[in-house]
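Novice: Please read through the structure below; I'll follow up with questions.
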Amino acid sequence: MIIKPKIRGFICTTAHPAGCAAHVNRQIDYIKDSTSLQGAKKVLVIGASTGYGLASRIAASFGMGADTIGVSFERPASEGRTASAGWYNTVAFEKAARAAGYIAESMNGDAFSHEMKQETLKLVKEKLGKVDLIVYSVASPRRTHPETGETFNSVLKPIGQPFTNKTVNTNTGVVSEITLEPATQEEIENTITVMGGEDWSLWLKALEEADLLAEGVTTLAYSYIGPEITEAIYRKGTIGQAKNDLEATAHTLTKQLEPYHGKAYVSVNKALVTQSSSAIPVVPLYISLLFKVMKEKGLHEGCIEQAQRLFETLYSGSTVETDEEGRIRLDNWEMREDVQQAVKAAWSEITTENVSELGDLEQYRLDFLQLFGFGFDEIDYELDVDPEV
Ligand code: NAD
């Protein structure tokens, strides 16, 4: 099968197995060349197949020599349809990690369910034993609650009043104004149920009950804050409420982990192109301006560079630096005064005509394509490939 990108709005419905492998292998090479840490050795990553979770898994194995189990929810290939990118990424990661001598096992299914937790714990017990790092990096638009069976949908909306700002169609490059209506109370609550901290704490509870937490265990989840430009739709919007809940969960979990001398952290990461962030209105335009400014200042990072910095922060031996809320701030370069001033200045002037000059839409598009295994020079996209790997 010859596989080409099929983009529908902010998703790509195809993925390229060899391209996804190239994406994974580039991240592995980066980590091998830049990091060697004494850190966690037995790692469970929930949401391990793409974006920040995948980068964390790569950095754990190839930067710290860890054995890993990854949980994700991906689609295998079927009847002429390619698998999802996360499926191919997982296959490529397992292959490389095993070849390097690390245990790498993966579970595919709904992490929110009791069944997936129990199946995963069985595998953890069999392959890893007690874990010393649990990374929770699930991003999902919906969650079926394991107790009630009710399905909740998350929404990306402002709270209290409508929000109008600029946005870009990343496919056409057209900059326009968008108005988003405020969420209802029910939508706010549902978004917290999906993207808040409840499932993270259910995973920790299940691991504790199965006696699978090691002495000194660390657990991590990821959050975002961002600038004033995106505040109404992100931090002060529905998703921001869910992130507040996630961040509060870190404090509760740290108390629960006291008998293990363990700790739960939220790491506030940089805005990056992932399947999840491309779905948020206004954010892709902000990201393309941010990329331009950060590249010019030599500060640009992707998921793997962020994962590297995170583990260096956690495992370098010195006290883990956090903000006053106890969060690790990997967004410190994004939020630097000079960076934000430059983005703000460009934002006020941005139009369809100058978006390519003031922003880095090309980088945005390339990053987006590469999420699905396209846009790699080393891959011949005219070759017939088997989608069933
Ligand atoms: P992503 O879409 O790349 O990854 C999501 C992962 O969750 C995938 O591995 C997917 O398979 C998994 N997943 C989704 N639903 C699942 C389910 N029901 N069961 C099991 N696995 C499931 O997302 P990402 O951008 O890497 O986001 C990960 C975390 O990082 C989120 O908490 C997000 O808010 C946070 N974050 C993202 C950014 C950004 O700019 N992308 C910035 C800061 C923080």
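From the backbone N, Cα and C atoms, a Cβ is placed for every residue, glycine too.
So TrEMBL lists these for the protein:
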DOMAIN    2-79  domain 'Trans-2-enoyl-CoA reductase-like NAD(P)H binding'
BINDING   47-52, 73-74, 110-111, 138-139, K243, 272-274  NAD(+) binding site
SITE      E74  site 'Plays an important role in discriminating NADH against NADPH'
DOMAIN    81-314  domain 'Trans-2-enoyl-CoA reductase catalytic'
BINDING   Y224  substrate binding site
ACT_SITE  Y234  active site, proton donor
DOMAIN    322-385  domain 'Enoyl reductase FAD binding'
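So where do these features actually land, and what's packed around them?
Specialist: In the domain 'Trans-2-enoyl-CoA reductase-like NAD(P)H binding' (2-79), the DSSP tally of helix, strand and coil residues is 32 helix, 16 strand, 30 coil.
Counting every protein chain shown, the number of other Cβ atoms lying within 10 Å of the Cβ of K243 (NAD(+) binding site) is 25.
Y224 (substrate binding site): 20 other CB atoms within 10 A of its CB, across all protein chains.
Long-range Cβ proximity for Y234 (active site, proton donor), meaning a same-chain Cβ under 8 A and a gap of 6 or more residues, is found for Y224, I225, G226, G240, I280, V283.
Residue counts for the domain 'Enoyl reductase FAD binding' (322-385) by DSSP state, with H, G and I taken as helix and E and B as strand, are 28 helix, 2 strand, 34 coil.
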Novice: Select, from G47, V138, Y234, V273, each of the recorded positions with a Cβ positioned under 6 A from at least one atom of ligand 1; if none does, say none.
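Specialist: Correct list: G47, V138.
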Novice: Which of the three DSSP states, helix, strand or coil, fits D110 (NAD(+) binding site)?
Specialist: coil
Novice: In whole Å, note down how far the CA of E74 (site 'Plays an important role in discriminating NADH against NADPH') lies from the CA of V138 (NAD(+) binding site).
Specialist: 12
Novice: Within 10 Å of the Cβ of F73 (NAD(+) binding site), how many other Cβ atoms are there?
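Specialist: Other Cβ atoms found within 10 Å: 18.
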